[in-house]
Structure formats: structure tokens, C-alpha cells
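According to TrEMBL, the protein has these features:
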- 1-19: signal peptide (SIGNAL)
- 5-324: domain 'FAD dependent oxidoreductase' (DOMAIN)
- THR43, SER44, VAL166: FAD binding site (BINDING)
- TYR223, ARG278: D-dopa binding site (BINDING)
Amino acid sequence: MAAPKVAVVGAGVIGLSTALCIVETCASCSVTVLADQFSPNTTSDVAAGMLIPHTYPGTPIHVQKQWFKETFTDLFAISNSAEASEAGIHLVSGWQIFKNPPKEDLPFWSDVVLGFRPMSEAELQKFPQHRFGQAFTTLKCDCPPYLLWLEKRLKATGVQMCTRKVADLWELHSEYNVIVNCAGIGAHQLVGDKKLFPVRGQVLKVHAPWVKNFIREGDGSTYIYPGIHRVTLGGIREKENWSLSPDPGTTKDIFDRCCSLEPSLRGAQDIEVKVGLRPSRQCVRLQTEVLRQGGVKLPVVHNYGHGSGGFSMHRGTAKEAARLVGECIAALQGSSLRSKI
């Protein structure tokens, strides 16, 4: 069998990182990334890029923890390298605050982030409306630079980047041996996944270089995430809303909520509004499916449905997807050998 050809559909953080993991684990593969949008026009470009997981009800906690740990470990290594600035990855410390103490003593990821501890009474004085909080250090991806850095690494390994709207996975079967579906919210139409739904997000990117610490309401409803050049203010979660148009009322609401936590933001400059649709479902769809049409088989590895947890989990799920691609290729090579005997 000639070098297996793999097509990765989607060029957000899930698609690009999955393509990179496939290249790293399957040197004999030829990999092509197909997408109708590349950075800066992907949903990932809008994301805040903070490594603070949310929980998927349909996925075992030990699996989620493994995905997060692998992601944190890989990105921590980048943050500790000469490429940190170009990749847009840095450590940031701050607080997760609650009006009422959470039911769980410790989130499942508390021993993966750095220095996790309850906030002191002195720290809580900064937030008089809140009774409890957690302090820790985690990683932040500035998303557009990170996506460009991933693209650069892929191109350096010979991966092709093609702008192409894929309407049906079957249209790829004559060109590629294995398809990897990282289409995000596009999978709703591409593979007819009715369990997938959009959760509309709107964020403000502002110039406020004096803000150094992240602040996050425990339920994730309001957050202030300082990046290298801009601070991301959020947020909103609107289920089943497909609109990509910024809403001025929402912009004001987000800004006011963030200013109530960090009053100095009233002096923020150069406010830019971004909207994205989080591809949400009860659990990430990470599995192999063999499509059949007549006597033809097409192996597909699905890796989508990360919702607001894409950046927190992306390397972990990409590694698992790459392992599944390796299994598909081994099966194809096995059947190719058998057919020759």
C-alpha cells in the first residue's frame, strides 16, 4: 500500500492540533487539512483560550482529566520554550470566585494547574459580593497567534492546507484513505449530528495592560482573561442561537459585569467585539466510524463537540484521535496485504 492519505476536515484548534498529532505519530502518512475557513476566521479565533476545563456530563471524569493533563503538559512545555511568544502561550495567575461555596471540594483538574488553593480572607476583600474563591496559575493561549504557529509547524512537516468546503464526507473517498472530522459546529450539517448544538458566545477584546490577573465567576458566566496584548472580557452562553452578529446590549452587559469585578476596566481602550458558536454536546464525539456505500468502505475518525472546553482539552483529544487514525491505517494495510496473498 502506498503512503496512506489522511484528510483532516476543519482548521480550528481541534483540526490543526489533530493534524499535528497524526504527523507526529504516523510518519508515513500524507496529511491534508481541508477547511472553508482558516485563521483568523475560525470559531477558535474568538475563544478566550484559558485552560480551565468545563465538565462534559457524558464523558468519564478520569478521561476528561487525562485529556486536560496531556494538554496542560504540552502547552506548559511550549510556555517554557523560546517559542512561547510566537505561539501566544503564557502562564497567568488569578482567582475563581463564588457567591456561595461550590458543592464539590476540589474540581477534578485542581492538581493539574499550578498552586491551587483556597483564597485568603485578604484576597476575598477584593470581591465583597463573593464569599469563597480559589487561587491558581494556569495557561492562556492567545488564539490567533497559536493557530498560526500550529499552521507553520504543519507546513514545515509537508502538510497541505487547502481551502475547500466539504459538503459530504463521501466526496473525499476517492482521494483519501482516512477522513478525520474536526468540523466543529459544521458537523451539525456535515454528518447530521442532531446531538450537536451551538452555544453562542460573545466576547470583548480590550486594551487594558494593567490587568495582570484573571478573574472568573465560578459558573463561568463572567470572566476577565489577560492575554499578551489584549484582555478578553466575557461572557455569554446562548443555546441554539446561530447568530454571528454582535449584540450591542450584550456588549454593554458584559462590560458592566466585568467592571463590577475589576472597576479599573472602565479605563479600557479600543474595545473589539467578537462572536463565535461553541460546538456543544453532552460529550465530545471521539470515535471511529466506518461509512459504507455499496461495497466501498470509508474510515472516519470523529473529533468534535468540545463546546467551551476546546482549548483545555485539544491536545489530549488530538492524541486520542491520532491513535484511532493509526488503528484505521493498520487495518487498511492489513486488508491490503491479505488481498495480495
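Just so you know, glycine gets a Cβ as well, placed from its N, Cα and C.
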Margin query: Say we define neighbours as other CB atoms within 10 Å of the CB. Which of the binding-site residues THR43, SER44 has the fewest?
Written below: THR43
Item checked: Spatial neighbours of TYR223 (D-dopa binding site) that are distant in sequence (at least 6 apart) but have CB under 8 A -> ALA48, MET50, PHE214, ILE215, ARG216, GLU217, THR232, LEU233, GLY234, GLY235, CYS258
Next item on the list: Just jot down the residues in the same chain as ARG278 (D-dopa binding site), at least 6 apart in sequence, with C-beta under 8 A of its C-beta; none if empty.
Entry: THR43, ILE185, PRO198, VAL199, ARG200, GLY201, ARG237, HIS306, GLY307, SER308, GLY310
Notebook entry, point to check: Which value does the mean pLDDT take for the domain 'FAD dependent oxidoreductase' (5-324) in this predicted structure?
Noted result: 96
Next item on the list: Inside 10 Å of the Cβ of VAL166 (FAD binding site), count up the other Cβ atoms and send me the figure.
Entry: 20
